[in-house]
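Just dropping this structure here.
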């Protein structure tokens, strides 16, 4: 059987259009969902220091002025993360039962309802926090479906790059939220915060609009007995006819893996931690990388940067600083599109851990020994105070830049490519839920901790980054350039993580022995 020259154009366009909200995209809803999360992180950060927002949702201070205590900041910020934790786990049930497309419809609608509740809030902190929780359900669920779907549809040579596009979309959303906060913060009424918050309704409608153009995952289709539909999707994603040898070979590989995975009956949550195919190790690695990513320290700047930088004595507006951080994040994520496939996963994580650790300890110590106490009037700041604030901001920018290149995208790439179809929705749900759990804990406790120890909170992140370096070296294998089935084979082989970059798969050879006509076709085509 002749093999056509495969084209990845369809898969690339499929990811790129969704990343930037293009209406022609087939998978637009996925990247839009991540855009929403990045946007929400940034927009709530700016709202916390807007006068109208403080007057509506703050409390009366001893001086008769309204203020937002660290406790209220924690509640408002963290409730979205609490919702994402629940949603990330819940999507495992809908992804298997209703497919990837049906799940998007359900969770996108839930997200939109949550945003509407927030936007319609007048003075009730309860209403705005409930709205954020409901919106978080949708964001958390979609964040787990993203690596699940992209890992199942992307060509293996491009899988890392396409998954990095999700991180880029988070950062683009973050940057735009800072821009909108900067544009509206001067307004003296509720439009200052309702406009940037309410714009998420537009993104939610965009997300819903693309659902019916979204192709289902071919692995899910095969797993549910829809081989003809799976064949059509595979041919479309590779830009070849349905009767091409590439389609036949891909179907055979997937069918072989699915049959092996289904020998033990229906998968359970407990199986994610079983010894079968080292699933306990794979699930543990996915959860640990998400845990370490959240304690890198970057989200502290994203969530509370506006409030934190006010005490740094800089002449720049906190809103301007956040725009700078957002722009740096966007620029930093772009090199990751290439580095994820050239350097690989391990090298990216190891390099990032060291760079971010250096930024954390320098910023923490400089801030502790040079910054004035919080609330000090700008007129009382010394040259030492101002120089320390500028230094802290400079290393915060370097920290965010390093995170955007390495630890921002790579754990999500790894999560999307580490599990067999049998347990993939559940294992990815556990990894995503771990991310959101620690995102919630960080957003809830960080302002309280910073209120007591100030910049020294960055030393906690320094310690976690050193731990992350050791963990990656000892436990995370290299998955660059491997199909999902070959990743499964690598874990079963027992190769040591530090030797995994040189490991070669044997699954394709085994399939060629079982179907020699495909092998002969390949040889004729190459000849």
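Placed from the backbone N, Cα and C atoms, the Cβ positions cover glycine too.
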I'm validating the feature mapping. Which of 272-295, 392-415 is tagged transmembrane segment in TrEMBL?
392-415
When TrEMBL marks a stretch as transmembrane segment, which of 2-26, 227-251, 452-476 is it?
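Going through 2-26, 227-251, 452-476 one by one, TrEMBL gives transmembrane segment for 452-476.
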Can you dig out which of the ranges 300-318, 319-337 TrEMBL describes as transmembrane segment?
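Residues 319-337 are the ones TrEMBL records as transmembrane segment.
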Could you name the stretch, out of 75-93, 105-126, 195-214, 392-415, 452-476, with the greatest number of CB pairs under 8 A to the transmembrane segment (349-372)?
452-476
So if I exclude everything within five residues of the ends of the transmembrane segment (75-93), which remaining residues of that chain have a CB under 8 angstroms from its CBs? That is, six or more out.
37, 40, 44, 48, 57, 68, 103, 107, 110, 114, 125, 128-130, 132-145, 303, 425-426, 428-430, 432-433, 435-437, 439-441, 443-444
Any residues 6+ beyond the ends of the transmembrane segment (105-126) with a Cβ under 8 Å from its own?
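Distant Cβ neighbours of the transmembrane segment (105-126) are 29, 33, 36, 56-57, 72, 75-76, 83, 87, 91, 94, 98, 132-139, 141-142, 145, 194, 197-198, 200-201, 204-205, 207-208, 211.
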